[in-house]
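Asks: Quick one: the structure is below, questions incoming.
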Amino acid sequence: MAVTELVSKCLQARDLAYCPYSRFPVGAALLTADGAIVTGCNVENASYGLTVCAERTAVQRAVAEGHRQFTAIAVTCDIKDRFVGPCGACRQVLMEFGSNWTVYLTKPDGTYIETTLHELLPLPFSPEHLAKN
């Protein structure tokens, strides 16, 4: 899988965002361990706390389709002058499925930087902590 395909899919997903309140569209594209790409966009709700971020939408879709192992995610929003990472809640949800993810933070023009989930969420709480009880 080429990174450009993952980046392209997250940009396409952003265009599908339902964000009438914030007007802040976000798109995500997950790469599963078996090579599938699963996308998500943010879906807002008038009861703001019920809004679901793009990254979590993608994870939920992927899990519902039977995927449990992931290798990368590309995320994007409409901010043009800097790279924006997932919110803290999304970082924690991604960590549920391991820390060994490549993360592509993507600008609207398709430029991206590569980082890792471990870099974005150092010293995380993870399923391993529960196994030690």
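Each Cβ is built from the backbone N, Cα and C atoms, and glycine gets one as well.
Since we're looking at a predicted model, the values are computed, not measured.
Sharing the feature lines straight out of TrEMBL:
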type: DOMAIN; residues: 1-128; note: domain 'CMP/dCMP-type deaminase'
type: BINDING; residues: Asn42, Val43, Glu44, Asn45, Ala46, Ser47, Tyr48; note: substrate binding site
type: BINDING; residues: Cys53, Cys87, Cys90; note: Zn(2+) binding site
type: ACT_SITE; residues: Glu55; note: active site, proton donor
Asks: How many other Cβ atoms sit within 10 Å of the Cβ of Cys53 (Zn(2+) binding site)?
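Replies: So the number of other Cβ atoms within 10 Å of Cys53 (Zn(2+) binding site) is 21.
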Asks: Measuring CA to CA, name the entry from the binding-site residues Asn42, Val43, Glu44, Ala46, Ser47 that ends up nearest Cys53 (Zn(2+) binding site).
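Replies: Nearest in space to Cys53 (Zn(2+) binding site), counting only the binding-site residues, is Asn42.
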Asks: Please identify, among the binding-site residues Asn42, Glu44, Ser47, the one with the smallest Cα-Cα distance to Cys90 (Zn(2+) binding site).
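Replies: So, spelling it out, the nearest of the binding-site residues is Asn42.
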Asks: Here are the recorded positions: Glu44, Glu55. Which has the lowest count of other Cβ atoms within 10 Å?
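Replies: Glu44, out of the recorded positions Glu44, Glu55, has the fewest neighbouring Cβ atoms within 10 Å.
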Asks: What are the non-local neighbours of Val43 (substrate binding site), defined as same-chain residues 6+ apart in sequence with CB under 8 A from its CB?
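Replies: In sequence order, the residues whose Cβ lies under 8 Å from that of Val43 (substrate binding site) (at least 6 apart) are Ala17, Tyr18, Thr51, Val52, Thr57.
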Asks: Given a 10 Å Cβ-Cβ cut-off, pick out the one of the binding-site residues Asn42, Asn45, Ser47 that has the most other Cβ atoms nearby.
Replies: Asn42
Asks: CB neighbours of Cys87 (Zn(2+) binding site) within 10 A?
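Replies: Total other Cβ atoms inside 10 Å, all chains included: 13.
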Asks: Going along the chain, which residues six or more apart from Tyr48 (substrate binding site) have their CB under 8 A from its CB?
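Replies: Correct list: Tyr21.
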Asks: Which of the listed binding-site residues (Ala46, Cys90) has the least company, meaning the fewest other Cβ atoms within 10 Å of its Cβ?
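Replies: Selected from the binding-site residues Ala46, Cys90 on minimum Cβ neighbours within 10 Å: Ala46.
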Asks: Suppose the substrate site is Asn42, Val43, Glu44, Asn45, Ala46, Ser47, Tyr48. Which further residues of the same chain have a Cβ inside 8 angstroms of that site's Cβ centroid?
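Replies: Result: Tyr18, Tyr21, Leu50, Thr51, Val52.
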